[in-house]
Amino acid sequence: MESEFQNNRPPSALRRAKTLNRPERYQPATPLLTGNKENSCNVWVIFSKVVTFWAPGALLSSIGLHDKQSRQAWREKIALCFIAAIMGGIVAFLTVGFSAVLCPPSQSDNPFKFKRFGEAPGHLGINGWQFDVTNGLSRPGLDFQKLAEEQNGQDISVFFTRTNKQFPACLNNPNIQQFNAVNFEVCDKNECPLKDVFITLENLEGMKIVNTSTKVGFDWIQLAGTRLENYLVIDGNVLNLNPYLKRFPDEIPDDALDKIIRTVLSTDHREGGKDGTRLFFGRSETKAAVNCLVEKFYAGNIDKETIGCFTSQLFLYVSLTVILGIVMARFAMACVFNWFISHRLAHTPKSNKRNPVLSQAATPWSDKNNGMGGGMTKVMTMDDVGNDLYTVLLVTCYSEDEAGLRCTCESMAATEYPDDRKMLFLICDGVITGHGNDKSTPDICIDLMEIPPEFKDPQPQSYIAVAAGSKQLNMAKVYAGYFPWKDRRVPMICVVKCGGPEEQGKPKPGNRGKRDSQLILMNFFSRVTYNDRMAPLDYELFGKIHYLMGVTPDFFEIVLMVDADTKVYPDSLRILINCMCNDPLIMGLCGETRIANKRDSWVTSIQVFEYYISHHLGKGFESVFGGVTCLPGCFCMYRLKARKGDDDWVPIITKPEIVQEYSQNVVDTLHQKNLLLLGEDRFLSTLMLRNFPHRKMMFCPQAICKTVVPDDFNVLLSQRRRWINSTIHNLMELVLVRNLCGTFCFSMQFVVFMELIGTVVLPVAILLTYSLIVSIILKPPSSFSDAIPLMMLGFVLGLPAILILFTTRKLVYIAWMFIYLLALPVWNFILPTYAYWHFDDFSWGETRKVEGEAKGDDHSKKEGHFDASSVTLKRWEDWERARVRRIKRQERQRQQVQRQNSAPYSNEKGYHGSGGTLPSGHFTDDPYYASETASNISSDVGQQYYNYDANATAYNPQPQQPPPQQYDPYSQYNQGAAPQNDPYYYPDQGQGRYNQGYNHQGRF
């Protein structure tokens, strides 16, 4: 049979050593924003201490912050809140204050304060004001109606008597008396037709001319015409210099003011040419005369917007265009993704005939000449694997009840996917009894399984956990069996983290957090991929996975991660696998998460539309760039490794850099704790994008799951505190990745930056929104420009309704949208503000309460010291040699005992063959007894060990019947342990230092 396999092996076997080497394995992980942890004098630490200079350490100790880390975390929280307040203030200033500064209310409605020269019939100008002269009583030399017909709006101030005494600005400053334009009398030579008729209210009322309270407005083009050739402008004021030029037609020597006046009036520029502001204000003596000139010759104003108002309006239009452009781009791209891209990804892939080889022949467990069983795996082609990729269905469990766990497992078992290509993988995060449960979570999970007799009572195996201090050493039991569902039996592994002997009797033994649960799987497949050194738990997993699936773990390419309260739709797994097959560049994927308990309370009802819009608009838009920034941990899929060409692999989630950075034990800064303790799912997505910026993270709306959301406001508050804070810190990491898809404003980096800014200023944004609504109610818009903010607000709020019609076509979501809009103060003000003030709270709060849990437990507290030598790390082949050596040693011992029993003898010490004690030198005949690196075994042991036949068609061979009861030479080690026929039973590990006292709570 071996020779037949060897002859039929495809010519192009996969060579793992080509790419799956680890030259970088001892290089340090990519640093986070916190930089060098040992350097306490970095800029951020100094900044946080400067901001909180008013809070000395003694004051912080008095409020319960006794240790240095908690005090520094509090200071960093205040610094972050300070930055958020500054950013919110900037947004508020740009939205409200910027316009008020550049365009004060006195200038904001400038065009409406004027009646244009030449466009106001029946009006004439006096001292710059428009007067209605329709019923005016004419005087000798002054016919109001005739002048209004000739040129309405013209200045008739020159007809009234005026003296310099009426112009205080011309008399108070002796330094300007040298200028003729200042000291000459306008009506000195009978040049004013109305003698002794001054411009007073009494005289004007007597002539029945009425002030309209609007000024005379001029246009630059009008000033450039011949009708107003002696008019000029100083700082927006239009001056009628006809009296001055009539008195002094020729240039006056040594008169600087006269020279400037004639220079400005002689310009030939049509627009703005008669603006003498710069020239008049250029010298101190002429600048001092400006007020006098304005009082003496004032005829009106330029009725255009001021520079400040124009700048303010320009900024308003540009900002609205940018914001509206972003909103429209997100909407359009989300629609394009939903209509075209997502369906193309989810369709059934074609079989790939161009890549004929998927061989596992380069691994030690596939070597037929390894002396350890003649090869453990099949040599398979891609045609054999096809599009039914081997998939791990990871369910992380903590404190869920039996109904939720059973619902999740049944939904996974019911997925339309071959049972021999999927494996349920449950990890119980400690021996924990959830609030309201009568059984511990591990007991609930194990009761769901059908466990073969030889796997009923596995021994705890050690591994290095994600924790600080002595808690890095953890123990876990591996239960292997099947999950029964209808007439099907789905392979199932249940890992129970039970802790070391010193944890027994304490609350939550073995609990290390969700990240540690994920890393059990990630570390295991990373070590399998690289054939790296394994912990005892890894080796236990390897053997039992092979037993259940009929193939070694390196055949697995995909992991689907779901939470223990999630129900997956039957076609979801197949759709996600289709996406992975259709686009090899996809490294991560998520489906749509819907709410199962949407009508339980007002708290659940306000979340329905929020879940919908975050998926179909947010993740749909990001999927166009291939950069979904957060794959939700309740329902997401990752590649363990990706195929590269015909004979190679590229590790993805098993890449050492990702595993190493994700498994940090020392988490001592506020930034790291928000990344690793509160938002591990988002941080994993961030790591994927940082390490593989040219691969894709996608959203597939056709794959659907339902989950249970918080129905109590306090639980929602705790959940969103974790989500918001982890979002901000992850976006801070992701915004530094420069080689994401796109460029400048059309890049994923810009999208991340805008999302970061938007998240930080949410409280200010909602306050400005409501202030806008109130101001519109109190003062309805009177012009198009006033209505622009209202139009944009309606547009932004109304677009999701259009998106609903374009995507789900379920009108009921529009009703959920209105409920969501009513709760906007909760989403955009209460939750973010609470989250920002609790930046230094790293616990899960009210989420998933368990019996015996201490408040504020965040898995980052260091207790004791970890001895690295307490966990044995060996390669698979070394573990296998030791295992086979134990089996062979046990077999020789059994045979020798049988020979002694069948042939009695006696010696000088009185040993007898029947009964009696074994000679003390019994094992000295075994040359491999003390060896950990060598083995001398037959090639059929591996077949017996794994109960695997390469030609068998069944993927889950049934366990062998146990042999008859035999003599147990190691009875002192095996009390209460698994039967000896258990192929994974190690006599020398029986009741050792890590196998005592595991009867805490039920089986553990």
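In case you wondered, yes, glycine gets a Cβ from its N, Cα and C as well.
The structure displayed is predicted, hence computed values, not measured ones.
If you check TrEMBL, you get these features:
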{"type": "COMPBIAS", "residues": "1-10", "note": "compositional bias 'Polar residues'"}
{"type": "COMPBIAS", "residues": "992-1004", "note": "compositional bias 'Polar residues'"}
{"type": "DOMAIN", "residues": "216-301", "note": "domain 'Chitin synthase 4-like'"}
{"type": "REGION", "residues": "1-20", "note": "region 'Disordered'"}
{"type": "REGION", "residues": "888-929", "note": "region 'Disordered'"}
{"type": "REGION", "residues": "953-1004", "note": "region 'Disordered'"}
{"type": "TRANSMEM", "residues": "43-66", "note": "transmembrane segment"}
{"type": "TRANSMEM", "residues": "78-102", "note": "transmembrane segment"}
{"type": "TRANSMEM", "residues": "314-341", "note": "transmembrane segment"}
{"type": "TRANSMEM", "residues": "756-778", "note": "transmembrane segment"}
{"type": "TRANSMEM", "residues": "790-807", "note": "transmembrane segment"}
{"type": "TRANSMEM", "residues": "813-839", "note": "transmembrane segment"}
Range from 314-341, 756-778, 790-807, 813-839 with the greatest count of C-beta pairs under 8 A to the transmembrane segment (78-102): 756-778
Intrachain neighbours beyond the transmembrane segment (314-341), with Cβ under 8 angstroms and 6 or more residues off its ends: 94, 98-99, 616-618, 620-621, 623-624, 699, 701, 754, 785, 788-789, 792, 795-796, 799, 802-803, 806-807
Helix, strand and coil totals (DSSP H, G, I; E, B; other) for the domain 'Chitin synthase 4-like' (216-301): 37 helix, 16 strand, 33 coil
For the domain 'Chitin synthase 4-like' (216-301), mean pLDDT (0 to 100): 88
